[in-house]
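Below is one structure; the comments refer to it alone.
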């Protein structure tokens, strides 16, 4: 399972990377905003995207919408891990096709639960 | 920096305006048009005089504010060029980002170093316990026992060493939290600068309001920038006081499941 972690703060990328490693996902790659993430997603054959919302360049929300509009990336599971906590934002992300939404600060258990749920759902399809 | 209260001149002008208005009506009604026109001229002159006064005052206050915030003669480092308070505040906040990032990385480095040590100790202890159980059950041959004897000795020595390295790492993790004191001090300084700027801005806005009043300028708010839909806001500082935000993961989950997620 090849995973791309997108966050503008290197410490947060490291935290997510470490948590994913503990969950058994070792093939992780990093990008610091949507603009650097997109070309990686286009060519990298990623299976899963974990992204922050608030980033310079291109936000995670725009990255989400761009992926869903891209025939190659429209089905990639996307988990948002963000400090953005407005109800309208969560609704907007859901409508844009996000697969999971985690608000920071979060725990390892929450990350595991959401990832399990996303893949459980994908298997049902 | 205290800006002068702009109230007095205006009330003087308002006073003159009020007094002159009834006089003006009187003159017009009694047919004394030439006096009435002269009176209008006087009101106008008075208005201009007050306007110049207020604009002058506003300009001076603006100038004072700019001087005050842009020149922070480097007391701490006289060798460097004069640095504006704003630039200084920006540097200070960047310093906070750097300090917190360094501390987070140091802490994670030490945890990354420690976790495999703990894993190794657990694995070794687990393996030894299995063999120890065989010994207790008297299932062990003498040569196996000699081997176990040596491994226990190694394990105890290694445990001692590794515990030292673990407690060293724990101490470094504690020390890495020292950023909190330093960034706290820096943030307190920036907070007081922001408060000072806010006070000064409020004063400037009051003064500009007097100019608007005398000159009869009204402002159209319709071209004010509307916040972009779903624009990121960052962490919510006052979640308890707001109804438009969720207060945790449980509420996110509830909201999403209400949407059929």
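Just so it is clear, glycine is given a Cβ too, placed from its N, Cα and C backbone atoms.
Taken from TrEMBL, the feature site 'Enhances dephosphorylation of CheY-P' covers B:185. Long-range Cβ contacts of residue B:185 (site 'Enhances dephosphorylation of CheY-P') within its own chain (separation 6+, distance under 8 Å) are none.
Under the heading region 'Disordered', TrEMBL lists B:217-241.
Taken from TrEMBL, the feature compositional bias 'Basic and acidic residues' covers B:218-231.
In the three-state DSSP classification, residue B:185 (site 'Enhances dephosphorylation of CheY-P') falls within a helix.
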